[in-house]
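Right, I'll just put the structure down here and ask away after.
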Amino acid sequence: MKAVGLVVEYNPFHNGHLYHIKEAKSETRSEVAVAVMSGSFLQRGEPAIVSKWARTKMALASFADVVVELPYIFAVQKAETFAEGAVSILNELGCSSLFFGSEHGDIEAFLNTAAHTIEHEDRLNEEARKQIAFGLSYPQAMAKAFRSVTREGGNIVDLSKPNNILGFHYVKAIMQKQLSMKPETVKRRSSGYHDSTFPEADRIASATSIRKSIFETGSLADSRFYLPKTTVDELDEYARTFGMWHSPEDYFPFLKYSLHTMDTEELKGIYEVEEGLEHRVKKAIRKAGSFKEYMELLKTKRYTWTRLQRMNTHILTKTKKADVKRMLNETHPAYIRLLGMTKKGQAYLAEKKKSLSAPLITKTGSFSHPSLQLDIKAGQVYSAPLKEPVRTMLTEQEYSLSPIRYDEDSRIFLRK
């Protein structure tokens, strides 16, 4: 069976994601869609609106066939590391192609851009270092360096757009690793990634605008038009069971406690706490009464909201620089954690299992690795804002839940 790989967050799964999966299968003529999905916390450092299990169910009910977890060590990272981790896992699972949505929509431009930057990588990095020295943030410095290096590059992708940036890094990772996996793209329909309002006519809205509506209204009334029915059902069920949808503000009391009980030297050892940020963090947390207020006090021209939000998540999970460095030194995936599969997905995995060089994990108790322990810890932190007994129930799912199975013919879940 031929499989297409997708790199996803599904926060939550919406009509644009449904379009993406259908296009991916159709354009690549693949029978199976394999999604590598961020777990409890996402690339921008935010908690997922609902658990990875609920989001897996949304995906399986909407034409994904295999859902595996992108480990925390890759998921809560800058675009380059995020992409490298996801590409490695999809390659390990035997995907013939990687299909991504982008603002540009032309794969030749991505191939040309990636090839040009690989060829001029030393010059690009040197130019970026100069811009950072002038006080620019890492994304701003890279964007300026990139424009300088690619001025003569011809058909080049606009890397000021968020999905173009991720797509560029997928293509670059495939090229640098010399993989046979073929990158392909489709132009995003309607709303942009960061759009915070709903479009007037189209049934496709950004995940950002959907979450904004959900958190502002406390209901799905305004957003259900942009969501598959299965997503609406899962969001409703999650709120009924766990009493909330997760937002960054929910974690502020725990962040405040962590920072008040952590000395400056310990804070300095946390991943992404750089260049004296520990002093700024300590000062901001003393004055702030909310997560938003804290972030406004913390943010500078040099450090973006996203970069600081990731740092805060690493503080919550007590992720140390030394541990990250050691885990990122591994050249191949240490394991692949299966979250869910359809009948067709199960058949595909049975076909590929013998050729896997990394163990396919279905229960966390059957395997031990520092990266997996970090995933479990992230899940425990994720459940912190919940009230008992559902907090313990969600935490226990990290250990007790087997992969979710979905019968795509009868359209029923075989295990709740």
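Any Cβ shown, glycine's included, is placed from N, Cα and C.
Bear in mind that the values here come from a model prediction, so they are computed numbers and not experimental data.
Look at Swiss-Prot and you will find 7-20, GLY101, ASN163, ARG188 tagged as ATP binding site, backed by sequence analysis.
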With a 10 Å radius around each C-beta, find which of these binding-site residues (TYR10, PHE13, TYR19) has the fewest other C-beta atoms nearby.
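Across TYR10, PHE13, TYR19, these binding-site residues, the one with fewest Cβ atoms within 10 Å is TYR19.
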Using a Cβ-Cβ cut-off under 8 angstroms and a sequence gap of six or more, which residues of the chain neighbour VAL7 (ATP binding site)?
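ALA35, VAL36, LEU70, ALA83, ALA86, VAL87, LEU90, LEU98, PHE100, LEU166, TYR170 - these are the non-local Cβ neighbours of VAL7 (ATP binding site), listed in sequence order.
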At a 10 Å cut-off from the C-beta of ASN163 (ATP binding site), count the other C-beta atoms across all protein chains.
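For ASN163 (ATP binding site), the 10 Å Cβ neighbour count is 18.
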Under a three-state reading of DSSP, tell me whether VAL7 (ATP binding site) is helix, strand or coil.
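SS state of VAL7 (ATP binding site) = strand.
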